[in-house]
C-alpha cells in the first residue's frame, strides 16, 4: 500500500488501520506508525487509533491523538468523546474528564445516551458520585447501561445501600433488568450480607428468564456463601447445567472460608474428575484446607500437580505452600518452594521466618530476617511478630529486646498488643516474671487476656504460685468462659495440694458452663486422617494399639523412663496417675503411627493443646528406642524428636 500509494486513500488506510488495531498480534507501535503515514486522517481513523490505545491500556496516547485531531481541524463525533472519557477513567484523570465534559456540552453531544453513560462511569470511577448522579438525573435518554453505570458507581465506592435503593427505583420505573445489572446488585448484597434481598434478586432473575447465565449463577453462589447460606449455594451449584472454573473456585473458596475443609477437598476431587483445571484461587483454598486437616499427603500431591502442569507459583500460592509445609514440619520442602520462587513478597519472607522458628530452627529464622533486610524487603508488623516469636521459642531475651526496640526506633513500626504479648511471653518463659508483670503495667495499650494468659502460663512453669494465683483470679474474672485459664489456675492449686480451691474452680466452671477442651491428636495415614482422644478405645484397630502401648511401656522402662505424675493434677493414687498419663492422645497416636507408618517416613502428629512434660519425655525416648523420627505439632510449636532429643532443646 505504501509502494502503490493506496495508503494515501482515506478509505483504504482506514481499513488497514482497523485490521491492524484489531489484531492483538500486531504491536500497537506498528499500528501507530501506519496512523502517522496517513495523509489527512478523518474522524473514523482518529477514533480507531484512540480506541486502540485505550484497549491496550495506553490512555495517555489516546489524548495525544485527540490533540493532533484538533490541530488538524478534524471534527469529533459521538464516538470520539466516549473514547476520551474512557481514557480519563483508566487514569482517574478527573480534571481532564471535566474539560472533555465541557466540550461535550459545547458541541451539543450531552443528549447522546452513549456519551452520557461514559460520563457517568468516568465520574463514578473518579469517586465523584455527586457529579455522576447529576449527569444521570439530567439525562433525557437512559438505558440499562445508564442504570448499571450508576449502580456500579455505588458499588465501586462502597455505597452499597445507595446501590440497592437505586436498583429499587429502576425496578419501580419498569426498566428492563439484564444479567449485568443483577450481578452488580448481587455484589452489593454480598458486601452488605443481606441474604433476603439476594433471594429476591434471584427470584427476579428467574422471572426474567436469565437465571441460567453462568456469570449470574456464580454471583448468586458467592452471595449465598457470604451470607452463610452454604446449602443453598451448593444446591444452586449442583443444579447448574454448565460450570466454569469460577463456579468451582467460588464454592471451594467458600467452603474453606467457612472452615468446611473436608467439603473443600471433596469438591476439589470432584473438580479433578470433571477434568476442570483449577486456578490459583482454588489451589490456595485447597492447600489451606489440607493444612487445617493435617493432610500432608494430599497437600504434597497438589504441589506435585502444580509442578506437573508447570503452573506459575506466584507470591500468594508460593506463600501458602511454604505455610503448609512449615505447619507439617516439612522444613526442606518449604525451603525448596522458597528458593524456586521467582518473586517473593514480604508475606513470603514472614512465612519462612515464622515457620523456621516454630520448627526449632531459631538461628536460621533470625538469619533469614537479616537476609530479608539485605534484599531491601521492608519488614512489617507481622515480620516482627515472627522474629519475636523466634526469640521466644529459644529464650533469647537480649536479642528479643533488641528487635523490640528496633521496631519503632529503626523501622517506625509502633508495637501492638500482640508484640507486647510476645515480649511478656519471652520474659515469662525465661523466668523474668517480675519484669514481665512490670511490662504489662507500663504498656501504652490496655493488656488483653492473651497477654495475662502468657504470664499465667509462665507462673505455672516456674512454680510462682503466689503471682500465678493473683493473675489466674484476674483472668477468670475477665473471661469466665475461657476453659484454659480455669484449668491453669486449678493446676496451680493442685500443685500445692489445695484441693478445696481446686473444687471451687471446678464448681465455677460448672456454674458458667465451661467445658475443658479435651486433648486431641491427629495423624494422617495413606491420605486418611485419624483422630484420638485421651484414653480413646473407639478406633477399629484399638486392640493392636493397646498391644503397641504395652510394648512402648516396656521399652520405655528399659530406657529409664519414669512417668512424671505431676502432670496429672488429680487427687488420685500414683498408680492411677501413671495409667492416665500413658493414655494421653499423643501417645495413642504415636502407637498407631508405629503400627501403620513404615520407616524411614516420619510419624507426624498434630495436637490441639500444648504437649505435656511427660509426653515430651516419652516421645524423646520412643524416638531412640524404635529408631523413628516423630514430629509433633502442638498448640504453640513443633517438636522434632530424633534419637532421644528434641529440636526445642527442652525449651517450650
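Cβ coordinates come from backbone N, Cα and C, glycine included.
TrEMBL: automatically predicted annotations, no manual curation.
Feature annotations, courtesy of TrEMBL:
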- 560-652: domain 'DYW' (DOMAIN)
- 42-76: repeat 'PPR' (REPEAT)
- 143-177: repeat 'PPR' (REPEAT)
- 244-278: repeat 'PPR' (REPEAT)
- 345-379: repeat 'PPR' (REPEAT)
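Sorting each residue of the repeat 'PPR' (345-379) by its DSSP state yields 26 helix, 0 strand, 9 coil. Counting same-chain residues at least six beyond the ends of the repeat 'PPR' (345-379), those with a Cβ under 8 angstroms from any Cβ of the stretch are 315-316, 318-319, 322-323, 325-327, 329, 331, 334-335, 338, 385-387, 389-391, 393-394, 396, 399, 411, 413, 637-640, 646-649. Residue counts of the repeat 'PPR' (143-177) by helix, strand and coil are 26 helix, 0 strand, 9 coil (DSSP-based).
Summarised by DSSP class, the composition of the repeat 'PPR' (42-76) is 26 helix, 0 strand, 9 coil. Mapped onto DSSP classes, the repeat 'PPR' (244-278) shows 26 helix, 0 strand, 9 coil.
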